[in-house]
C-alpha cells in the first residue's frame, strides 16, 4: 500500500472524472413515489426525429434502468470524503425497531479505531452503527411476511416497472416476442405488493443492510430483471483504496447492479468503509477472506470467535450480503479427490483445509443458526457459497457439487425460519448441455431461492476470452431462471482486472442478462431493442450510439473509418458502403412500392416485392432500352 497515496486520499480524495460524466444524449430523471423521499432514478435517452425521407415523425425518449447512481447526476456534488447522500435513514428510523450503538460490538473494529497509525486511512464517519433492538428482526423478509410494504419495496416496484409503463405509451415500439419462462411467474406489471409477496416467499431478496443508508434499493429474483454483479478488491500484490473506489464507480456506471469487495490485501477494513460510504449499489463480501488475514493466512488457526467478530465488524459497516461457505462439509471433501481441478473456490478450499486439519465439521455449518441471529439484526442477506463448484467442465455436475447444493437447500430453510434473506451461489465451469440441469436442481432443492452464478464458463480453452466463454453460459442460465450473474473479465484465471477489464466484463454480462430477459419474455424488455433497430433503419447514427450499452465504443468504431460529422447523417456505413446498404435498398423498395400504390404497412419485404406490378416494371425497362438507342451492348 502506498502511504503517500493513502494520505492524499484521506485528505483530498476526488472522484474519477470518467465516472461522473453524464451519458451523451441522456439525462438523469427521478420518478416520484407515494412519499417525497421516494425518488427513483432512471436514465432517459433523447432521440432525434425520424428524417423526412422515412416519414418524418417524433421519436419519444426511451427510459432505461440506471445503476450509475448520483455519479451521473449533474445536480449532485460528489465528494468521496463525505460519501453519498443518505437515502434510507428516515425509513429505518420510522420503523422503530433499531437502536444506535454507542460503541462498536466488534473487537477488531475497536482495535482499528484505537490505532493512531491508521488515522490517515480512515473515512471520516461521524454516524454510529445501528442494530436491531433486542428481540427484533429488521430484515425485509420479516416485514414482507408480516404483510408490510416498506419504502424499499415501493422504490423497487417503480424501478422494475419502468419499461412496462413506457411500453404502453410508445405504440409501434411495443411489439415483443413471447418468451419461454420455464415456469417463472412474471406478472404483466410489477407492483409493490408483488415485490412484497416474492420477498415473503423467498423467491427474491432485497440486499439492504440497515447501516448502508446510501443504498438505492434493488431486487434479485427470477421474476424480476436479471441482475449482474461486478467484483473489485485489492490483493497482496497491489491496488490502493483509491483504485478500488474508482473501480466501484466505474463498474456501477456501466451496469453493475451489485459489487462484491473481495479484498485480500492490506487495510481491508478501511478499504471497505470507503467503498460502502461511496456506494449506491449493494456491497457483498466473503468474510472468511478477512478472517483468514487475521490469522496470518493459516486456515487451521481460524476459529468461530474470530469469524463471528468479522461478521459483526462488516455488518456494522453496512455490508449487504455475505458469501458464507457453510455447505462445505467434511464428508464432501473426499469427493473432490479425483477431480481434474479439485477445489477452486478460495472460501471452499479454506474451509476444506480447516475441516481436514481438525477432522471436525465445518464451523460455519455447526454455528449456522448463530450466524442467522447476526444477519437478521442488521438485515444482511445470505449468499450461500458454492465452495465445491467445478473449476473445469470435466468436473461439472459431479457428486461433490450437487452434494453441497443439497446442503445449501437445507440451510436455506433454516435461514428462512429466521426470516433471513437468502440466495444461492452456483457454478462455475459447465458445458452448455449440462447447464439446465444445474438450474432445475437448484430450483428443486433450494425451493426457488434466487440463484447467483459465476458464468458458467462453457469451455476451458480460451484464457483471455473467458468473459465470452462465460457470457454464453450466463445468457443460458439467466434464461432458465438464474436471478443474478457474476461477471467474468478477460483477466479471469490470469490476473487482477483493471478499469478496462471491469468495463468489458460488465458490458458482456449486461448483454447476457438482457438476452435472458428477452428470452424469458420479460414485459417491456424488447423496447430498447426496437428503438435501436428503428434508429438503425432510419440511419439515425447518434441515436444508435446512445441507445447502445456502450455508446463510447460504438461511436469510436464508427469513427475509425468515417470520422467526419457528415458521416453521422449518411445513409450507409463503412461495412457495405453507399451502393450495397441493405437497409437503404429496402427503403428504396418501399418508396417504389408507395409510388405504385401499394400499402406497405405490416408487409414483409418478400411480400412487398411480389405485390409490385411486375408488368409495369417490364414496360418501364423496355422504354429505357429504346431511349438508349436499342443497342444490345454499351461500352463501359
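First residue shown is number 1, and so on along the chain.
Each residue, glycine too, has its Cβ placed from N, Cα and C.
Swiss-Prot lists 231, 260, 289, 325, 345, 346, 347, 386, 387, 388, 389, 425, 452 with the feature substrate binding site. The Zn(2+) binding site feature in Swiss-Prot is assigned to 429, 493; the stated evidence is sequence analysis. Marked as [4Fe-4S] cluster binding site by Swiss-Prot on the basis of sequence analysis: 573, 576, 581. The annotation region 'Disordered' is assigned in Swiss-Prot to 48-70.
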| query | Roughly how many angstrom lie between the C-alpha atoms of residue 347 (substrate binding site) and residue 429 (Zn(2+) binding site)? | reply | 17
| request: Please list residues from the chain of residue 452 (substrate binding site) whose Cβ is under 8 angstroms from its Cβ, counting only those at least six apart in sequence. | output: 220, 229, 383, 423, 424, 425, 426, 482, 483, 484, 485, 486
| field | residue 452 (substrate binding site) - helix vs strand vs coil (DSSP) | value | strand
| note | Taking every pair from 231, 260, 289, 325, 345, 346, 347, 386, 387, 388, 389, 425, 452, which the record gives as binding substrate, the longest CA to CA distance in angstrom is 20
| task | Tally the residues of the region 'Disordered' (48-70) by DSSP class, grouping H, G and I as helix, E and B as strand, and everything else as coil. | result | 5 helix, 4 strand, 14 coil
| message | Give me the count of other Cβ atoms within 10 A of the Cβ belonging to residue 389 (substrate binding site). | response | 27
| said: Please report the Cα separation of residue 493 (Zn(2+) binding site) and residue 345 (substrate binding site) in Å, rounded to an integer. | reply: 12
| Residues near residue 429 (Zn(2+) binding site) in space but at least six apart in sequence (CB under 8 A) | 389, 390, 391, 392, 393, 395, 396, 455, 456, 457, 460
| task | Tell me whether residue 347 (substrate binding site) sits in a helix, a strand or coil according to DSSP. | result | helix
| task | Take the Cβ of residue 387 (substrate binding site) and count every other Cβ within 10 Å, whichever protein chain it belongs to. | result | 33
| query | Under a criterion of Cβ-Cβ distance under 8 Å and sequence separation of at least 6, what residues of the same chain contact residue 345 (substrate binding site)? | reply | 325, 385, 386, 387, 388, 389
| message | Which secondary structure state does DSSP assign to residue 387 (substrate binding site), in the simple three-class scheme? | response | coil
| task | Determine, from DSSP, whether residue 429 (Zn(2+) binding site) sits in helix, strand or coil. | result | strand
| field | Packing count at residue 347 (substrate binding site) (other Cβ atoms within 10 Å of its Cβ) | value | 22
| said: To see if you understand the setup: which same-chain residues, six or more apart in sequence, place their Cβ under 8 Å from that of residue 231 (substrate binding site)? | reply: 259, 260, 262, 486, 487, 497
